[in-house]
Amino acid sequence: MLTSKIHRATVTQADLHYVGSVTIDEDLLDAAGLLPGEQVHIVDIDNGARLVTYTIAGPRGSGIVGINGAAARLVHVGDLVIVIAYGRLDDAEARFFRPRVVHVDGGNRIVELGRDLAAAPEPATDLLRGDVLHRPAG
């Protein structure tokens, strides 16, 4: 079950010659309910790359989202990414669980915290709800 996500974070550094993982501002980790060392999936919005790694806490308030090690070949500075965590829940828990959703701005500052996986942050001029069918005009 998806337990949390940090949506559309901007990659601030990518270093191939660094011990592997993703370094994330500790404020963002806290908001998403993520722990250092927790397994996460990284989805690159710009190029479609998907990878699995673990978190390292970065300095609070820094806005860092740093891709480290081999993953730096797939994800680059300036790319927009979604950081996703999954957890195991029993059936009863899963039916009532609501994941944490952290929306950030271009500087990786929190703009909205929510529980609706399909919601776009307000105001969102270029994002559409994920649960609405959008048909082209005409």
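Cβ coordinates are placed from backbone N, Cα and C, and glycine is handled just like the others.
What TrEMBL annotates here:
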type	residues	note
ACT_SITE	Ser21	active site, schiff-base intermediate with substrate
ACT_SITE	Tyr54	active site, proton donor
BINDING	Thr53, Gly69, Ala70, Ala71	substrate binding site
MOD_RES	Ser21	pyruvic acid (Ser)
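In the three-state DSSP assignment, the secondary structure recorded for Ala70 (substrate binding site) is helix.
Between the CA atoms of Tyr54 (active site, proton donor) and Ala70 (substrate binding site) there is a gap of 13 Å. Here the binding-site residues are Ala70, Ala71, and the one ringed by the most other CB atoms within 10 angstroms is Ala71. Counting every protein chain shown, the number of other Cβ atoms lying within 10 Å of the Cβ of Gly69 (substrate binding site) is 16.
Listed in chain order, the residues near the substrate site other than Thr53, Gly69, Ala70, Ala71 are Gly20, Ser21, Val22, Leu51, Ile67, Asn68, Ala72, Leu74, each with its Cβ within 8 Å of the site Cβ centroid. Recorded residues Gly69 (substrate binding site) and the residue listed as 'active site, schiff-base intermediate with substrate' have their alpha carbons 7 Å apart, per Cα-Cα distance. Here the Cβ of Ser21 (active site, schiff-base intermediate with substrate) has 18 other Cβ atoms within 10 Å, regardless of which shown protein chain they belong to. Looking only at other Cβ atoms within 10 Å, the busiest spot among the recorded positions Thr53, Tyr54 turns out to be Thr53.
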